[in-house]
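Student: Mind looking over this structure? Questions follow.
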């Protein structure tokens, strides 16, 4: 991520910011670490047939876990008021956060495109939506995330803080032009383009469903809204600050210079922690989407929520029906088209 470290605030007058960072990071760890571990366990241990969507949810949870596993190091640094883990750890931990950020954003974007394709071109979606294609897409997402996050390795360094006593894991650029480029690059690739794709995909889904007058389940509509709102709520403020800093850097203004620069720097220290909080929210969204499944299936509700999802299951059902027809065996009745399309618009189906 193109950020200063959560441990960066070290001058007097920012103790409140440090306390807020500690509280938010602690909440993210307390909720996200067991929550995402539960999602991974549910998919690997409880789900016998993993659909394409289940694989994406699994990788989303793994990306979130990777971020959360770095949180204790940042918590310790904030509490101590200095970075004590050296240059290699400074670069590694922030690089892991950057890779996970891109992976999470690209996975959410891919899931929204997958749902949009399933509604717009269902037969094409069935042909493309196979495990082999899914694994290639997932591999591509991780490779792209690794590449997009590489500027973190180039610009991260450890140096003395403003008080000349504490060490800070910080972004240091050769020039303000480099800083402006990195800021704009991260805003565009890490938020703007993926967010536009997510919004466009769900707008297209809604438009097609309204045009065809299909019913939409309350659970589906609620989950779609929650995913988009959570995506925007956690990442929009951070990238707005990045955008403002990018314009300041392009104008040749140094980081933290002037009253506006100092406010933006303090705002970033808080908004960085929202990235950690965003890594803990997805299990809560699944619990909201589960509804009655949480009460009826207990700890297996994630597996029930993802069980038989995607077009792989429906394709198998159609192949079985065709075989029955060729043998002269009566086929089981097809579900109502409206119900099929309604189900296919669920991002977790």
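Placed from the backbone N, Cα and C atoms, the Cβ positions cover glycine too.
What you see is a predicted model, and the numbers here were worked out from it, not measured in a lab.
The feature topological domain 'Extracellular' is assigned by Swiss-Prot to 1-19, 76-91, 160-179, 244-269, with sequence analysis given as support. Marked as N-linked glycosylation site by Swiss-Prot: 2, 164. Annotation comment: Swiss-Prot describes 20-42, 55-75, 92-113, 139-159, 180-200, 223-243, 270-290 as transmembrane segment. Swiss-Prot lists 43-54, 114-138, 201-222, 291-349 with the feature topological domain 'Cytoplasmic', giving sequence analysis as the kind of evidence. Sequence annotations record features per position, and here Swiss-Prot assigns region 'Disordered' to 311-349.
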Student: With DSSP as the reference, give the number of residues of the topological domain 'Extracellular' (244-269) in helix, strand and coil.
Tutor: 19 helix, 0 strand, 7 coil
Student: Going by DSSP, how much of the topological domain 'Extracellular' (76-91) is helix, how much is strand and how much is coil, in residues?
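Tutor: Within the topological domain 'Extracellular' (76-91) the tally stands at 11 helix, 0 strand, 5 coil.
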Student: By DSSP, what is the split of the topological domain 'Cytoplasmic' (114-138) into helix, strand and coil residues?
Tutor: 22 helix, 0 strand, 3 coil
Student: Would you list the DSSP helix, strand and coil counts for the residues of the topological domain 'Cytoplasmic' (43-54)?
Tutor: 7 helix, 0 strand, 5 coil
Student: For the topological domain 'Cytoplasmic' (291-349), report the average pLDDT of the model, please.
Tutor: 46
Student: Per DSSP, what is the residue tally for the topological domain 'Extracellular' (160-179) in helix, strand and coil?
Tutor: 4 helix, 6 strand, 10 coil
